[in-house]
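Database features (TrEMBL):
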- 797-951: domain 'Pecanex C-terminal' (DOMAIN)
- 33-57: transmembrane segment (TRANSMEM)
- 101-117: transmembrane segment (TRANSMEM)
- 143-164: transmembrane segment (TRANSMEM)
- 176-192: transmembrane segment (TRANSMEM)
- 231-251: transmembrane segment (TRANSMEM)
- 321-340: transmembrane segment (TRANSMEM)
- 352-373: transmembrane segment (TRANSMEM)
- 421-439: transmembrane segment (TRANSMEM)
């Protein structure tokens, strides 16, 4: 940057030396000699813009005020739009026909105001960032609508321009009549827009806006009339106003003669603004028409300037006046709050305030100069020391919006919310609830612990491009202080009943002005204390019995829905009898003997004791490692209900098993066999299902292997609820069969072999989850197993070698915990049917797991109605339950002072890049309830800010 400025200064000096008799160059050289001395000071303060920022800023200003365009969402789009707009203005100068010029300006003005980038996409495709929102590309209906509008605009322009050429008197009278109509239209549109928001001009409470709105139902009831008014406003703004302004421009006398450069530039901008920014164009046209009607025709304004240039100058004045008011309000807020807010006072505050008052004319000069350059007003370290920031485009960060964000676990909540929020924003923006839509406007949304930052990047005819950011949910002290003030501002606006007709906005000095509330379908986050439930001895005692029932239900449901079951039963029916139950080829490691259990390292139990302190989201030990599945090796394992299965020592070739091996098994309690020796094993008869349809709910073969001591299995088998098992089977939906469905299910339920398999698998899983003791579990045990950390037992390896079964067992454990909480809250379960309803609801509408799980994020994105997670608050020593509920709730939205945001972002850039002050506790990022300084810093584009979510530019259609 520095060599560029030095090169410019030297070039001017050399040009002055070699080119004489040029007074303008001489004066410029003298001024630059004075500025050259101050270059180090200007560089140190960051006042001189970098070349790229200066180039983009100049293009943006020319595009917006010289060519009638809009600030755009990307730098490449800005360059392309600038070239096309400039080419339109230049081409219009070379068209010889006046009718041709008017038609050319009207047509290209309309086309350039559309979202042309959308037209290049295929019809019906959707954006990845907005899978279900309103960001859709052009359909044939929209294309037809735009073609009809374009044809009508061209027809109107040509007819009125032709009519204006006949009589000068009728033309001037007609233009004046249209001007009066535009005045009435402007007043109507302003009234219809203001009554859509909670405050009129940000000061007076709107008497037509719904009062005390806290629920979606009440809001919809009271909002119906305003929505109808919004539709009327949109029709007037989209269809009536553009054609009325085209009529005003087409009747102008400046278009009748030979066109000059000023006419081409002025009217190219005017015909573009009619579509690009209809509300501002209407205001500018009414001002020009009013001045022309009330002033003399001999004044310089009417005599020397054509209507196009008048509109251009009025547009610049309008923009700079709005900027000046916003900057002045921002400066006054910074100055006053530095003294009135106790936490903002410093030792130098009084001195700075006095200096600002004494040198107030110089402060005003700085604000005016900043306004003229359209550059941010930079409060140094956010203190009342004001500088002129260097000119920069509205998109003052490199790259497109939404390319980077500080992604964390909470980002998924914004991913789910944004598509639905954008759909609702479409309606609110079209109705005018968010006020005048201008590029560079910022809005803040609030719901529970979520803060949504919305920035308008680009506006055009029936579309608006926005960027949505999500701020962090883990609130710091500064974040909390400002969020509390945001809540107060919104509560005073939306949740209070006022006795007066038009009460004043008590937070007028705040940079946030409430606008409206938006009904959005999103997750409500509720956290409950489970003390008295999870630590109740009675509840924990019932928990163990309920777990067996839930395990049975989940395994039966899983097996009945396994792919391939239907084919198996068809094959069985065709054969006419059930096949023999052959054992699975398995190479599971032999079970640990009681001596092995006794000699287990005590450290294992110490790591798994109740003395551990849990965090809210406990770190899950990697107890469960992925087991490599070995290929089938020689040797077979045969499960005998009530016995232990061990690996038989043998040496047979792979794939060939002698027939006698199918009847051999090693039973627990026989003497150990030395390596290399074998003893004859007793023959066990083959088992077959008594029902040919039992394959419908048959457990996978690998789950039938045994690892439990026979004594333990017999002891725990008595806990198996056979009546519940049969009831669950009878509730299944039977596959197609020639026999009656109820008879088939009855036969399956009475199959003892199938029942023995379920007893073995269910009780082994039960034993794995509770360990070797058959005592009531502790709350710490519940939390550990819920988190996936299982106690050691002889069945642990057996279970972890079967990942699918392990996940089903863990799922059953979590369902049982939720069932225990529901029973404690809603009352006991009366019968089996009610229990099944509970379990079916969990399966259908709930995700019960850990917040840290990937499936938790998937469930949110799939919009599961409810999510539940168990946690532990180590600071308070309490167990907590977190429930997310998907429902339609109200998001409160307010508009921020755009110059306050630009000024604080400019200071952030200056402080980090020029002053290199990256102290995390620096003054400029501390909480400021009126300026919302900490939230504003968060919302800046990375690397300066740190939003946890940032969307790509989202194009919203406003109709």
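Using N, Cα and C of the backbone, Cβ positions are placed for all residues, glycine too.
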The transmembrane segment (101-117) and the transmembrane segment (33-57) contact flag, 3+ Cβ pairs under 8 angstroms:
no
Considering pairs 6 or more residues apart, do the transmembrane segment (231-251) and the transmembrane segment (143-164) have at least three CB pairs under 8 Å?
yes
When you scan the chain for residues with a C-beta under 8 Å from the transmembrane segment (321-340), skipping those not six or more beyond its ends, what do you find?
346, 349-350, 352-353, 356, 363, 367-368, 370-371, 374, 377, 379, 382-384, 386, 509, 511, 897-900, 903, 928, 930-931
Reported mean pLDDT - the domain 'Pecanex C-terminal' (797-951):
90
